[in-house]
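One structure below.
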Amino acid sequence: MSLTSRDALLFLGVFILIAATGVTQSWNVALGILNMGLVSAIMALGVNMQWGYAGLFNVGIMGFVALGGLGAVVVSMPPVNEAWAAGGLRIVGGLALGLATIVAAALAWKRLPAGALRALVMVAILIAGFFVFREVFDPGVAAVESVNPASTGYLGGLGLPVLLAWPVGALLAAGAAWAVGKTALGLRSDYLAIATLGIAEIIIAMMKNEDWLARGVKNVIGIPRPVPYEINLQQDPSFVERVNAWGFDPVTASSIMVKLLYMSLFLSVLLFLLWLAQSALHSPWGRMMRAIRDNEVAAEAMGKDVTARHLQVFVLGSAVCGLAGAMMATLDGQLTPGTYQPLRFTFLIWVMVIVGGSGNNFGAVLGGLLIWYLWIMVEPFGLILLQGVTAGMADGSPLKAHLIDSAAHMRLLTMGIILLLVLRFSPRGLIPER
Amino acid sequence: MDLLNALVALLNFVIVPAVAYGSQLALGALGVTLIYGILRFSNFAHGDTMAFGAMATILVTWWLQGLGVSLGPLPTALLALPFGIAFTALLVLVTDRLVYRFYREQKAAPVILVIVSMGVMFITNGLVRFIIGVDDQQFDDGARFLISARDFKEMTGLQEGLAVKSTAMLTVVVAIIVVVALFWFLNRTRTGKSMRAFSDNEDLALLSGIDPERVVRITWIIVAALATIAGALYGLDKGFKPFTYFQLLLPIFAAAIVGGLGSPLGAIAGGFVIAFSEVTITYAWKKVVGYVVPWWEPEGLVQLLSTDYKFAVSFAILVIVLLFRPTGLFKGKSV
C-alpha cells in the first residue's frame, strides 16, 4: 500500500541527481528543475488518474494545462476598466447568446420528434444563432482590442489573489473535460484520443487568437506572485543582514529564497493531492475504477455505470492538469500561448506516467521528477556527447557544425527511446501498481 | 459576366486549393486506415512518418539537383520519390521488426500499441529534426504555374484570374494514379485479397493459410509509400516544415474516422469532406458575394471563421460524426 524501501531509494536517487546539479552547477538551477519537476509531477498525477485508474487515453493534456494558465490570468490580473467600458458587455452578451444557441439546439434535438424536421430546426437554430452571435460579439472584440493594444487590449482579470487562480484553473479545465468526455467517452478508446488531441489544438488556437481574452500571442506578462520579488528582498535590510551573517551574497540568496518559497507551496499542493489520490485509490471508489478498467463488461454487469464513472474520473484528472497549469503560469509569471507544444505538454507527461509506473500515484510523482530532470539535462549531456563524437573532425566541417547544432533535438530522440525501452522491458514502470 | 467572375473566384480560391488539400489528406488517411484495418491500432506516428518520407525525398532531390538532373517543367522531386519511398519503407519495416512485432506476438491491447506508436512518433520526429533541422526547406523546381492569373485574364478577358499551381495539379494527378493503383492492388491481386481477408477476419485468414507477417510487411511498405507521397506532395505544395506534419495528424484522423476507420474508400471521401469544409468555412467570401449580389456591400470579409481555427473545423466534423454516426460514412470497424 505505501512506499517500500526500494521506492524510497528511487526517490532518494532522483533527489541526489537534482542535488548533484546543485553542487556542480548552481543551486538556482537545481531548484528551478525541482520546481518544474513538482509541477510536472502534479500533471502526471492527473494523467495517472485517467490512465492508471481508469484506462482512459487522453492526449489533450496540453489544452487542459493551457486552460489552467488562462485561469491564472483571468483571476489575478487587474481588470482593464476602459476595455470593459468599451466592449465588455457586448462580449459577455455575445458569449451568453452563443451558449443559449447551443442549449436551444440541444433542447430542440431532445424535444422534437425524430425526423427531417428536427434536423432542419436544429441546423436553422445553429446557423441563425451563429450569425446573431457574430453580430453582437465582433464589434465588442474590436472595441476591446483597440484599447491601448500595446500594453493591454484585453479585458484583464478580476484582480484577485493569484492563489485563488489555482482552483479556478482546475475548474476551467474540468469544464472543457466535461464537454469532451460527454461526446467522446463511451465510444472506442481511440476516439477519445483523437477528440482530446483536437480539443487541445483548438484551445491553443483560441488562446493565440482571442486577444480580448488574454492578449493572444502578445502574451500576458507580470502575473502577480504569491511570493515576494527578489528585488524587494534585496532591499529589505533585515533580510540582507541575516543573509550576510550566514555568509551568502544577497542577490543569489534572494533568488534562492524565492525559489524555496515556491517549492514549499508546490510541495504542499503535491502532498495534499497525493494524499487525496491515495485515499481515493484505496477506497471502494478506487477499487471500482480499477475493476471497470480491468473488465468493463463485468463491471457493467455488476451494475456500475461505466460511462458515468469514466466521465467522472476524466473530469477529475483534467482538473488536476488544469491546477498544474495555473501553478506553472504563476511560477513563470506569464502566459505565453505560443510556447504550448504538444510534444512538451502532452507526450512528455505520458512518458512520465509510463516510466514512473501507471496506476501508482507515487510512480507518477517519481516519473514526473525524473523525466523532467532528464528533459532538462539531456541537452547539455547530448552536447557533450556530440562534442566527443565530433572531436576528431576538422573544425569548420559542415557535418560537425550540423551535429553540434542538432544537440537540441537529442531530447525527443532520448524520450522516445526511454518510453519504448520501458514499455518493452518494464511495462509496469519504476514503481509498479500494487 | 459577374456570375462567371464569381465562379472563377470560387474556383481559384476554394475549389482548386481544396481539391489539392483533399488529395493530400486522402493519401494520409489511407495510410492511417490501412494500419487500422490490418494492424488494428491508430498510428500516431503517421504524421511524422510523412515528415520522414518528405525529408528523404528532399535529400534525394537535392542530390539529383546537384547532379544536374531535371525533369523540365516537372519538379525533380518526382524522380526522387521512389528513393524516398524506399528509405521510408526501410524505416517502418525496421520499426515494425524492433518495436511493433513484440506487441503483436503478445496480442497486446490496441491502446498499448497506440502508446507505443507515440514513442515511435517521438523518435521519428527527433530523427527528422536531427537530420534536416527545423527550418523551412524549399525543394520545388520546374514550372511554377500551370496557368497564371495574368494569362488567364488575358485569355478570357474576365476580371478575376484563375491561377493553378503546377504542384496542385500534380498532387491531384499523382493522388489519382496512386489511388487507382492501390484499389487495383487490393481488389485484383492475390496479395491484396489476402490483405483484405486478414482485415475482415483475422482467424479465418490464418486458417486459410495466409502468412500474417507477410501481410503486415506488405501493409507497412504500402503505408510507407502512401505516407511519403502524401508528405512530399504536401511539402511541394505548401513548403516543407517538420512540425506541420504533426499538426496534420488531426485532419488526417478526422478524415479517416469520418469515412469510417478501416475503409479505404471512406478515407478518400473523408479527406475531401474535411478539406472542403475547412477551406469553405475559413475562406473570406467577400469577393464572391460582391459578384453575385452586387447591391449588397458586406462590412467584413464574410468569413465564417478565421483561418487559425481550421483545426476547429475538422474537430467539429469529427464530433458531429461521432455523435450521429460513430462508424463513419462508409461503415468502418466499430471496435
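Any Cβ shown, glycine's included, is placed from N, Cα and C.
Per TrEMBL, these features apply:
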type     : residues  : note
TRANSMEM : B:6-39    : transmembrane segment
TRANSMEM : B:51-71   : transmembrane segment
TRANSMEM : B:77-99   : transmembrane segment
TRANSMEM : B:111-132 : transmembrane segment
TRANSMEM : B:168-186 : transmembrane segment
TRANSMEM : B:215-236 : transmembrane segment
TRANSMEM : B:305-324 : transmembrane segment
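The stretches the transmembrane segment (B:51-71) and the transmembrane segment (B:305-324) are not in mutual contact, being linked by fewer than three Cβ pairs under 8 Å (pairs 6 or more apart in sequence).
Contacts between the transmembrane segment (B:6-39) and the transmembrane segment (B:215-236): present, as 3 or more C-beta pairs lie under 8 angstroms, all at sequence separation of six or more.
Here the transmembrane segment (B:215-236) has long-range neighbours at 23-24, 27-28, 30-31, 34-35, 38-39, 46, 49-54, 56-58, 75, 77, 80-81, 84-85, 88-89, 91-93, 96, 104, 137, 139-140, 167, 170-171, 174-175, 178, 182, 185, 191, 194-195, 198, 205, 244-245, 248, meaning same-chain residues at least 6 beyond its ends whose C-beta is under 8 angstroms from one of its own.
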